[in-house]
């Protein structure tokens with residue numbers, strides 16, 4: 001395993017972490033009264049858009065998984081439209097799952113959907129960037145020993161971290177602490193964000209630590 005590839009992964013992940021930090025700090029200089037808690041829905045939109053844009057740019061620059069053949073312009077457009085459709089379907093699916101886990105069905109629909117968009121940005125968007133609109137490849141990566149590159153291993157860690165963070169973030173909501181961050185879906189979205197950031201930091205370190213044991217085979 002090349003050290004240069006691990007350094008590229010670390011640089012890309014740290015850039016994502018830095019972008020998330022900027023989304024919480026930078027808008028306050030231009031938006032009076034902006035805070036992650038006070039204007040949470042605005043932050044959800046800003047964070048989702050910025051992370052999406054950065055992941056797409058990193059994918060175009062780094063090209064972690066090069067296609068075996070150069071595709072035509074028509075195929076690229078078709079692939080792009082499929083990715084957009086898959087991302088939208090992911091948002092709808094996450095919204096439905098969140099409602100099934102206890103989120104309000106009719107009340108706070110906007111809050112729930114924006115949280116689903118954020119969760120899709122941390123999970124499905126990365127799958128689309130690394131694997132493309134290929135459900136079979138998604139299923140392969142999230143099976144035991146299914147990763148074929150360090151980018152796919154990082155994808156596993158960050159996706160699991162985001163989902164676990166969102167799940168743990170729901171625990172304080174029913175408690176009677178009467179804290180501002182207990183309002184739906186602040187604790188869940190912050191938990192997902194912390195889980196995603198933790199995954200971004202842990203993934204390259206874990207890969208570097210286990211680089212001698214990791215033997216990727218193309219499939």
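Every residue, even glycine, has its Cβ placed from backbone N, Cα and C.
A TrEMBL annotation is a machine prediction, not a hand-curated record.
Keep in mind the model is a prediction, meaning the values are calculated, not measured.
Quick look at what TrEMBL annotates:
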{"type": "TRANSMEM", "residues": "9-29", "note": "transmembrane segment"}
{"type": "TRANSMEM", "residues": "41-62", "note": "transmembrane segment"}
{"type": "TRANSMEM", "residues": "83-106", "note": "transmembrane segment"}
{"type": "TRANSMEM", "residues": "112-132", "note": "transmembrane segment"}
{"type": "TRANSMEM", "residues": "153-171", "note": "transmembrane segment"}
{"type": "TRANSMEM", "residues": "183-209", "note": "transmembrane segment"}
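Here the transmembrane segment (83-106) does not touch the transmembrane segment (41-62). Their Cβ atoms form fewer than 3 pairs under 8 Å, with each pair 6 or more residues apart. Contact between the transmembrane segment (112-132) and the transmembrane segment (183-209) is present: at least three CB pairs lie under 8 Å, with pairs separated by 6 or more positions in sequence.
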